[in-house]
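K.L.:
Take a look at what Swiss-Prot says about it:
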ACT_SITE  LYS309  active site, proton acceptor
BINDING   SER190, CYS223, PRO224, GLY225, GLY226, ASP242, ASP262, ASP280  S-adenosyl-L-methionine binding site
Amino acid sequence: MNKLALYCRAGFEKETAGEITDKAAQLGVFGFVNLKENSGYIIFECYQAGDADRLARELKFEQLIFARQMIVVGDMLQDLPAEDRISPIVAQYQALNPRHSSDIFVETPDTNEAKELLTFCRKFTVPLRSSLKKQGWLTKSERAKGSMGLHILFVRPGCCYVGYAYNDNKSPFFMGIPRLKFPAEAPSRSTLKLEEAILTFIPEAEEKKRFTDEMTGVDLGACPGGWTYQLVKRGVFVYAVDHGKMAASLHETGRIEHCPEDGFKFQPLKRKTIDWLVCDMVEQPMRISKLIGKWLINGWCRETIFNLKLPMKKRYQEVQLCLAYLEEELEKQGFWFKIQAKHLYHDREEITVHIAVMGRKPQ
């Protein structure tokens, strides 16, 4: 097994390929990509034996923007016999001897064509899990050091990749997709983007400390209030900045103040630092990056989650430019900061970015 399979949104295979090629090279790992447009996954084959496993251990999954999941795989199994699909899969795993495995996930790419396989995948998981346990596998806790999850990626009927991923360096979600329910009281479906962003970027154990009823937030381009809703739900008082109307249900909470202003011109009150800045405005990504940079550098906010709408072409390059700009500006000012970005399931032609400023470096 010396390949990586990376799941992604259909249509973003080239961005995923460019990113894994760059990140692998930074670790001294080289290889080539096999991809099919709109397939929802890519294969990165390493030149050196053992390098795929090294990437699965050392390349931090949270650093990948476009990948929803990252697993080590071998050659594709094709034309699995209908009367016994399990034996060829077990045979591939026997070469690995995954004694430190915790569970099995039988998945597909997130495409309309592949989704037709999901019913089969669910049914197939039960006998496969039983067979793997008979081999003495799937016995470890997923929290055990060095434990791995076993993953099968069915790309079409009878054809699959057999693989694994380390539990401390992968998405915890089936197919890399969190299953979120749209709250009936939320003003718009965009609320799911911020909910997924918080789930992705903020450790669950820290969420109640990072969002409290003593905090204030600003939502730039807030109307009708999908993102504001997520902050208010967590107790934050929000200045909702937009010329449009906010949902009446949000006004009724008493936890928002509507500021009918231009999001690019709005400034917080002097000597008041905002805890959370959120922004989901439709604008050129570099213009949004400069706006967010201004808020952080001026000390107007401590933490921010925002979306960057991507162009039709050179999307990965545009992301690199925007993130490099923000990192460079914050470095110039001597800030300690953490920056993460992800192409979330609820994002479309956009990515979501999180930046937390932790103070300034000593001079």
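Glycine too: its Cβ is placed from the backbone N, Cα and C atoms.
Worth saying up front: this structure is predicted, and the values here are computed from it rather than measured.
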K.L.:
Return the count of C-beta atoms lying within 10 angstroms of the C-beta of GLY226 (S-adenosyl-L-methionine binding site), excluding that atom itself.
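P.N.:
Excluding its own Cβ, the number within 10 Å is 23.
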K.L.:
Sorry to bug you, but what's the C-alpha spacing from the residue listed as 'active site, proton acceptor' to GLY225 (S-adenosyl-L-methionine binding site), rounded to the closest Å?
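P.N.:
A Cα-Cα distance of 19 Å.
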K.L.:
Find, among the binding-site residues listed as PRO224, ASP262, the one whose Cβ has the highest number of other Cβ atoms within 10 Å in the structure shown.
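P.N.:
The residue with the most neighbouring Cβ atoms within 10 Å is PRO224.
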K.L.:
Max CA to CA distance in Å over the S-adenosyl-L-methionine-binding set SER190, CYS223, PRO224, GLY225, GLY226, ASP242, ASP262, ASP280?
P.N.:
20
K.L.:
Provide the three-state secondary structure of the residue listed as 'active site, proton acceptor' computed with DSSP.
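P.N.:
The three-state answer is strand.
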K.L.:
Might you list, by sequence position, any residue in that chain lying six or more from ASP242 (S-adenosyl-L-methionine binding site) with a Cβ less than 8 Å away from its Cβ?
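P.N.:
Spatial neighbours, sequence-distant, of ASP242 (S-adenosyl-L-methionine binding site): ASP219, LEU220, GLY221, ALA222, CYS223, HIS258, CYS259, PRO260, GLU261, GLY263.
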K.L.:
What's the CA to CA span in angstrom from GLY226 (S-adenosyl-L-methionine binding site) over to the residue listed as 'active site, proton acceptor'?
P.N.:
17
K.L.:
Taking only the Cα atoms, work out how far ASP280 (S-adenosyl-L-methionine binding site) lies from LYS309 (active site, proton acceptor), in Å, as a whole number.
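P.N.:
Cα to Cα, ASP280 (S-adenosyl-L-methionine binding site) and LYS309 (active site, proton acceptor) are separated by 9 Å.
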K.L.:
Just jot down the residues in the same chain as LYS309 (active site, proton acceptor), at least 6 apart in sequence, with C-beta under 8 A of its C-beta; none if empty.
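P.N.:
Once residues fewer than 6 apart are set aside, LYS309 (active site, proton acceptor) is near VAL282, GLU283, GLN284, PRO285, ILE288, GLU349, GLU350.
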K.L.:
Go through SER190, CYS223, GLY225, ASP280, our binding-site residues, and report the one whose Cβ sees the most other Cβ atoms within 10 Å.
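P.N.:
Going through SER190, CYS223, GLY225, ASP280 one by one, the largest Cβ count within 10 Å is at GLY225.
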K.L.:
Look up SER190 (S-adenosyl-L-methionine binding site) in the DSSP assignment and reduce it to helix, strand or coil.
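P.N.:
Coil, per DSSP.
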